[in-house]
Amino acid sequence: MDGQDIGAGGGCPFSGANTNKGRRSNRDWWPNQLNLSILHQHQARQNPLGETFNYAEAFKSLDLDAVKKDLIALMTDSQDWWPADYGHYGGLMIRMAWHSAGTYRTADGRGGASTGTQRFAPLNSWPDNGNLDKARMLLWPIKKKYGNALSWADLMILAGNCAIESMGLKPFGFGGGRADVWEPEEDIYWGAEDEWLATSDHAQARYSGDRVLEDPLAAVQMGLIYVNPEGPDGNPDPIASGRDIRETFARMAMNDEETVALTAGGHTFGKAHGNGPVDAVGPEPEAAPIEAMGQGWLSSHKSGKGVDTITSGIEGAWTPNPIQWDMGYFDVLFGYDWELTKSPAGAWIWHAKDLKEDDHAPEVDGSGKKVPIMMTTADMAMKMDPIYGPISKRFHENPEEFAEAFKRAWFKLTHRDMGPKACYLGADVPDEDLIWQDPLPAVDHALIEEADIASLKADILASGLSVQDLVYVAWSSASTFRGSDKRGGANGARIRLAPQKDWEVNEPAKLEKVLNALEGIQSSFNAAASGGKKVSLADLIVLAGSAAVEKAAKDAGFDVTVPFTPGRTDATDEQTDVESFDVMEPQIDGFRNYAPKKFSVSTEEMLVDKAQLLTLSAPEMTVLVGGLRAIGANYGDSAHGVLTSRKGQLTNDFFVNVLDLGTKWTATDDSGEIFEGADRATGEVKWTGTRADLIFGSNSQLRALSEVYAQDDNAGKMVADFVKAWVKVMELDRFDLK
């Protein structure tokens with residue numbers, strides 16, 4: 001091909017064979033198709049660093065002090081292509097780090113800074129992330145220098161830390177260990193709106209009723225990190241803004257004091273940009289022309305940078321000295337009355353009445369010119385809201401308390417999605433254990449050995465507890481884990497503590513019976529063991545489930561040993577933040593066939609969502625559901641999906657019978673949630689099932705997987721694969737083993 005073979009119409013010479021442009025995908029044809037692709041993201045083969053690359057090991061070779069020195073030097077090394085405001089990039093870097101971390105939400109643990117996805121769509125092109133592409137490009141020489149030992153995810157947060165330090169406040173600490181991913185995270189639901197910054201009157205709005213925000217969302221509009229700084233839907237009402245702020249920050253794991261500290265502390269630095277018409281701003285990075293080379297929001301307004309920059313449309317600094325940690329934010333917030341006005345870009349802002357010359361901010365270009373400061377409607381809520389106002393007053397009167405509160409809130413903001421402190425790397429990790437890190441006691445005793453494990457398994461199976469109950473409790477304990485923010489899991493045995501012990505899905509009466517029996521076995525063993533050897537309840541819960549799986553397999557004719565590694569410890573009530581665990585209570589769980597009510601999202605979609613949080617592949621999800629159904633580990637001992645006459649045995653009967661062409665399935669009512677499977681010949685009802693069961697025969701991909709496990713030659717493979725996937729779930733939070 002010489003480039004001269006394109007027809008007069010300019011068509012593609014490959015007839016679209018190698019491009020998606022103009023081609024309808026399966027999802028276009030069938031919008032309701034179950035999205036299993038979220039179970040196969042971020043595979044090792046997609047990592048350009050290689051399948052064996054270990055970021056934690058690479059990070060250990062990093063000279064962290066040298067990196068910080070380079071970052072602090074960068075702050076004042078202004079570049080002509082994107083000059084630093086006031087000669088200091090600190091405000092820009094803080095905003096970049098904040099917006100990297102600020103997508104986190106507690107409901108599903110998704111979002112946050114731990115994977116570096118601000119580099120990719122949609123986040124790299126969100127309206128609220130305007131011009132942060134410049135911040136990352138400014139960091140490229142440092143990333144280039146330190147290479148594989150410093151991820152983008154870590155670098156963005158560390159840059160924010162160094163920005164704060166370079167402007168006069170030593171941060172609380174820094175933990176490295178955020179490994180980059182190499183594609184967008186498609187599992188995150190950002191909202192149903194089909195336009196950026198859609199307001200609450202949009203047809204697909206995230207609000208309903210009296211401004212009730214849809215779960216699991218936290219941000220108020222599509223494309224915003226937190227709230228609209230101009231006020232709800234752009235309405236400049238500080239009291240209404242306070243309500244939005246409280247709800248949004250709570251959904252991002254922040255209480256009222258942390259919210260005030262972050263808002264006031266963050267706005268002590270830098271400025272907002274809106275010194276020109278918004279229609280002068282070019283397209284975001286994902287829509288920009290190829291020659292823009294990844295840059296977006298290129299502006300045709302005058303120079304398009306520095307004084308002339310347009311980002312949010314809001315214009316001005318919050319404080320008289322935007323590159324210094326001080327009490328300037330509260331000084332001016334409480335020192336003046338404020339009046340509503342508009343920026344040159346037309347955004348609502350507030351200006352101080354009769355602003356003193358000394359309280360003006362310098363112009364960003366170093367010309368010596370003085371310009372007015374401003375506040376946003378969200379800032380005014382820090383003064384006018386009946387809860388935020390008194391907190392702000394207290395911080396204003398107690399500068400050291402304010403500084404400490406900001407440092408701690410910033411550390412929480414930037415580390416909330418990293419999991420327990422065991423996941424933190426580097427010399428700057430604070431010694432203090434923080435309640436939001438879900439701390440665990442250290443292992444202070446000798447661990448059980450092979451002979452002890454065998455003896456304990458025998459005691460468990462002789463206790464009178466059923467295989468189903470042992471499997472159910474172990475699964476309930478371990479399956480709280482979320483790969484999104486690395487919370488939950490079996491370590492800590494928090495299933496015996498509030499709130500988990502009272503969760504409906506955990507069947508409190510059954511749970512109490514099992515825990516009482518296991519605690520008796522634990523007490524007897526620990527009292528008799530020599531050499532300081534002990535078994536934790538967390539270990540015993542998992543061991544009990546493993547023993548039950550072995551028995552279920554043996555009863556089905558398969559001798560297997562479920563691998564078990566001791567070393568879990570038991571958390572205390574004092575180490576458990578009940579409120580923060582409340583949001584983790586399952587409202588539906590397809591693995592346990594628990595569905596107390598119908599949701600707007602289908603049962604099968606929620607099953608896949610749960611599997612994704614458990615970091616399972618589609619085959620792993622499939623074999624686990626089939627095995628749990630065969631064992632009978634259903635909520636309430638329900639018969640739904642227990643498609644076997646050998647309940648309690650680890651067989652492939654679920655797959656054989658869900659694919660049985662002699663069975664006709666019919667919904668029991670209009671909800672389409674429960675089904676009866678009748679013999680086609682006699683009409684006799686043989687089985688009942690839920691959508692979480694029938695999907696394994698209905699969905700073409702899951703049916704293909706089910707066929708593998710239903711084959712006559714794969715009954716043993718099904719058992720082996722179940723055991724492997726079971727152990728994976730039991731050890732998801734064993735960061736000490738990784």
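One-based numbering along the chain as shown.
Just so it is clear, glycine is given a Cβ too, placed from its N, Cα and C backbone atoms.
Checking Swiss-Prot for region 'Disordered' across the ranges 1-26, 105-130 points to 1-26. Cβ neighbour count for HIS267 (heme b binding site): 25 (other Cβ atoms within 10 Å of its Cβ, all protein chains included).
If you take the Cα of HIS99 (active site, proton acceptor) and the Cα of HIS267 (heme b binding site), they are about 14 angstrom apart, rounded to a whole number. Classification of HIS267 (heme b binding site) by DSSP places it in coil, neither helical nor stranded. Taking the Cα atom of each, ARG95 (site 'Transition state stabilizer') and HIS267 (heme b binding site) are about 10 angstrom apart.
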